[in-house]
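Quick notes on the structure that follows.
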Amino acid sequence: MEEIQSQSDLYRSSSSSASSPTSRVPSSHFFYVRKPGSLRQPISFEDSPEWEDTPDVDLRMEDEAGGGDSINDATTTPVSPSLSKMNSGSMASPPVPEGGAGTGVVRKIAGASIAWKDLTVTMKGKRKYSDKVVKSSNGYAFPGTMTVIMGPAKSGKSTLLRALAGRLPPSAKMYGEVFVNGSKSHMPYGSYGFVERETQLIGSLTVREFLYYSALLQLPGFLFQKRSVVEDAIQAMSLSDYANKLIGGHCYMKGLRSGERRRVSIARELVMRPHILFIDEPLYHLDSVSALLMMVTLKKLASMGCTLVFTIYQSSTEVFGLFDRICLLSNGNTLFFGETLACLQHFSNAGFPCPIMQSPSDHFLRAINTDFDRIIAMCKNWQDDNGDFSAVNMDTAVAIRTLEATYKSSADADSVEAMIIKLTEREGTQLKSKGKAGAATRVAVLTWRSLLVMSREWKYYWLRLILYMILTLSIGTLYSGLGHSLSSVATRVAAVFVFVSFASLLGIAGIPSLLKEIKIYRSEASNQHSGAFVFLLGQFLGSIPFLFLMSISSSLVFYFMVGLRDDFSLLMYFVLNFFMCLLVNEGLMLFIACIWRDVYWSTLTLISVHVIMMLAAGHFRIRTALPKPVWTYPFAYISFHTYSIEGLLENEYLGEVFAVGEVRSISGYQAIQGNYQISPDTNAKWRNMLVLLAMAFGYRLLVYVLLRFGLNKNVSGRLLLSHKKNNSSR
C-alpha cells in the first residue's frame, strides 16, 4: 500500500467519485482510477535488451486558435523505472520502437480520418432486416492513432468494423452515415486495407516471396518499386528475421508461429500503403507475448501515420495501455466511446470501478458479458479470501443498462457528437485509387506462383506423382505379356478401363491442395487482389505442366508394359487422351471442392461420382444394353471415362486386323464389338478428345459461375450450420 499511497497525486479512490451504485461493491476491495488529464507513464522492460528506453509519443487531436484540427505531439514523459506502477492503477504502455526514437520528431501523417454517425446494421432474421446487430453507434478515428472496438462475443464488433470498411454481406443492411476525411465518398481500391480474423497464407512460400507476389497482384508500376514496397512492409511489421523463412516450414524446419503469421497477413495489406487499416481480431489465438509484440508493432505502424481501427475481445494491461480510443459494445449498444483512461472513469462513475490487480479489459467484459451470470449462478456458494466471487455484484443486464444510461448522459457522448460535427462540417482530401495491376499481369503472376507452389508441395504433388507411378507399375505388371491375339482383346479392354478409372480415382488425393487454392483465392478476392476469371486461368495454366508430367510418365509405363501397338503417333494420342482425362478430372474436383469447401464432403462426393461414372462407362455392360433412364441418360453421357476409354480403344483397334483360322480375318472394330462399343469412323477418336476438352472447360466454367456469383454459399453455409448445431447438441 505504500506504493499506492505514493501515487496519490495521480490517482484518487473511486469511492469518492463514483455514483450511488458504488455501495454495491464490497469495501474490502480498493479501486483506483487515474485523474483525468494525468500523463501516461510507460513501463520499462529492463529485462529485454531489444527494447530501449524511449519516450512514449502520444498523438492526439487538439483545437488550435484558428478552430482547425491538427495532430500534435503530446508531452513526452520519461520511462518508469519499474513495473510496479502497473499495480498502482497506471495504464502502462511499453515504449514503441521507432526509427527516430528519442528525437521527438513526429512523422508525417499519411492516414485519413473516419467518423460514423447513428450507424445501425440489421440482419435478415425471421422478418426481413429485423435483427439489429449494431444500434446507433457514433465514433471516429484519427490518423496516427489506434481505435479499438471491444466487447464480448456476438456484441457486433466485427459487424461494425465491416460496416465502416464497406464490406457487409448481402444479408445485412446499414443505416446511418460514414465519413472519410469529412465526406461520404466510397473508399476506392487501395485506399484502405482489411485483415480478416482468419486469413489463408501460402505455406510453401517464404515471407518475402509471399509479399512480393501479393505486390505484383495488387500494384501497378515497375518491379523495383514493388520490391521497395515489400521491404517497407517487412520492416513495418518487424518481419526482417523471418523474411526468408518458409511460412509453412518443411520437413527440417518449423513454420511461422501464429503471431508471425498474423503479422504477415497484415503486411500483405500494407503493400498497398493504405490510409486506413481495418483488422478483425489482431490478437486472435495469440499468447500474451505474441499479443504484446503484435500491438507494439501496430503502435509503431500507427506512429507512421496510418489510421488503425480493429476489434478485440480482451487484452492484458500492457496491451490496453497502447490503445488511444475504445468503442465498447454490448448487444450492439455503444456503452462508451472515448479515450481508454476515460473509459475507466466512466465505469467508476457508473458504480463499477476497476480493481487494482485486474486488467481493465477483463473488468469491462465481466460487467457487460451476460455469460458471466450463468457462471455466478453456478458458483454462488463459492467465496474467495476477500469475500465475494465477483467484484460486480449486479445482474449483467442491469449493469449494461446502467453503463449505457450513464454514457448517454455524460460529457463523453457530447464530446463525441461535437467532434463528429467538427470532422464533417468541411470535406478534406478525397481518397483516390492508386491503380491496380492489369489482368494479363495477374494471370502471369498466378501462373508462375502456382508453378512455384507445385514444385515445393511434395505432399500434394510429388507424392501424388509417385502414387501414379506405383499404380501404373502395378497395372502394367498385372497385364503384361498379353500379346496381340484375338483372345487378348477382352483382357486388353479391361486393362485400359482399369488404367483410366483407377488413375482418375487416385486424382482425388489432390483435393486438399485445390481447397487451399480456393481459400487463397477467396482471401485475395475479398480485398480485390484477384478475380474469378484470373484465378481460374492462372490455376489452369499452372496445372498444365504438372498434369502433363503425370500423364506422360504414367502413359509410357503402361503403354510399353502392357504392349500396345508399336506406333509413335498412336502413343502420342494415348498420352494426349490421358492428359485430357486428367484435365477433366481436375476440373471436376475443382467444381466439387468449390461447392463444399470441405475435405471430407468433397472426397465423399467425388468417390461417389467416380463410382457411378465407372459403372456407366460401358465396361461392365455395353452402353447399348444399359437401362435408358438414369444409366444411359444422363450418366453414360456425362461420364468422362466413357469418352476417354472409347478414344483409347479406337486408337488401339481401328485399322488392326486379327486372323481367324488360316484363311479368314476380321477387323479390330469387329473384334472388340462384344467387349466395348466403339465407332468404326477413324476420326471418332478425335471427336472423343474434343468432348474431353469441352468437358475440361465446361467444369471450369461452372466453377467460374460459382465463384463469380457465389451460388455455393447457401449449400456450404447450411452444411456448416448444421454441423455446428450437431456439435453444440453433443
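One is the number of the first residue shown, and numbering goes on along the chain from there.
Glycine too: its Cβ is placed from the backbone N, Cα and C atoms.
What Swiss-Prot lists as compositional bias 'Low complexity' is 1-28.
Feature annotation from Swiss-Prot assigns compositional bias 'Acidic residues' to 47-56.
According to Swiss-Prot, the feature compositional bias 'Polar residues' maps to 72-91.
For S93, the entry in Swiss-Prot reads phosphoserine, with the evidence type a large-scale study or a structure entry.
Across the residues of the domain 'ABC transporter' (114-356), the predicted structure has a mean pLDDT of 90. Per Swiss-Prot, domain 'ABC transporter' is recorded for 114-356, and the stated evidence type is sequence analysis.
Sequence-distant contacts (6 or more apart, same chain, Cβ under 8 Å) of K154 (ATP binding site) do not exist in this structure. As annotated by Swiss-Prot, ATP binding site applies to G151, P152, A153, K154, S155, G156, K157, S158, with the evidence given as sequence analysis.
Annotated domain 'ABC transmembrane type-2' per Swiss-Prot: 441-653, in sequence order.
Beyond its flanks by at least six residues, the transmembrane segment (465-485) meets 491-492, 494-495, 498-499, 502-503, 506, 509, 546, 549-550, 553-554, 557-558, 561-563, 565, 656, 658 of its own chain at Cβ-Cβ distances under 8 Å. According to Swiss-Prot, the transmembrane segment annotation covers 465-485 (among others).
Residues annotated as transmembrane segment in Swiss-Prot, with sequence analysis given as evidence: 495-515 (among others). Within its own chain, the transmembrane segment (495-515) is flanked in space by residues 457, 460-461, 463-464, 467-468, 471-472, 475, 478-479, 482, 554, 558, 562, 578, 581-582, 585-586, 589-590, 593, 597-599, 602-603, 606-607, 610, 614, 617, 619, 640-641, 644-645, 648-649, 652, which lie at least six positions past its ends and keep a Cβ under 8 Å from the stretch.
As annotated by Swiss-Prot, transmembrane segment applies to 532-552 (among others), with the evidence given as sequence analysis.
Outside the transmembrane segment (575-595), and at least 6 residues removed from its termini, the chain residues within Cβ reach (under 8 Å) are 500, 503-504, 507-508, 510-511, 514-515, 518, 539, 543-544, 547-548, 550-552, 554-556, 602, 605-606, 609, 640-641, 644, 647-648, 651, 685, 688-689, 692-693, 695-700, 702-703, 706-707, 712, 715-716. Summarising the annotation, Swiss-Prot assigns transmembrane segment to 575-595 (among others).
Residues 493-494, 497, 501, 504-505, 508, 511, 515, 588-589, 592-593, 626, 631-632, 635-636, 638-642, 645-646, 676-677, 719 of the same chain sit 6 or more residues outside the transmembrane segment (600-620) yet have a Cβ under 8 Å from a Cβ within it. As annotated by Swiss-Prot, transmembrane segment applies to 600-620 (among others).
The transmembrane segment feature in Swiss-Prot is assigned to 689-709 (among others).
Secondary structure at K157 (ATP binding site), taken from DSSP and collapsed to helix, strand or coil, is helix. Contacts of G156 (ATP binding site) defined by a Cβ separation under 8 A and a same-chain sequence distance of 6+ are given as V121, V133, V134, K135, L329, N331, G332, in order along the sequence. Cβ environment of S155 (ATP binding site): L329, S330, N331, G332, I368 lie under 8 Å away, each six or more residues apart in the same chain.
Sequence-distant neighbours of G151 (ATP binding site) (same chain, 6+ residues apart, CB-CB distance under 8 A): K157, Y313, L328, L329, S330, L365, I368. Each of the binding-site residues P152, A153, K157, S158 was scored by other CB atoms within 10 A of its CB, and the lowest score goes to A153. Other residues of the same chain near the ATP site, with their Cβ within 8 Å of the Cβ centroid of G151, P152, A153, K154, S155, G156, K157, S158, are T311, Y313, L329, S330.
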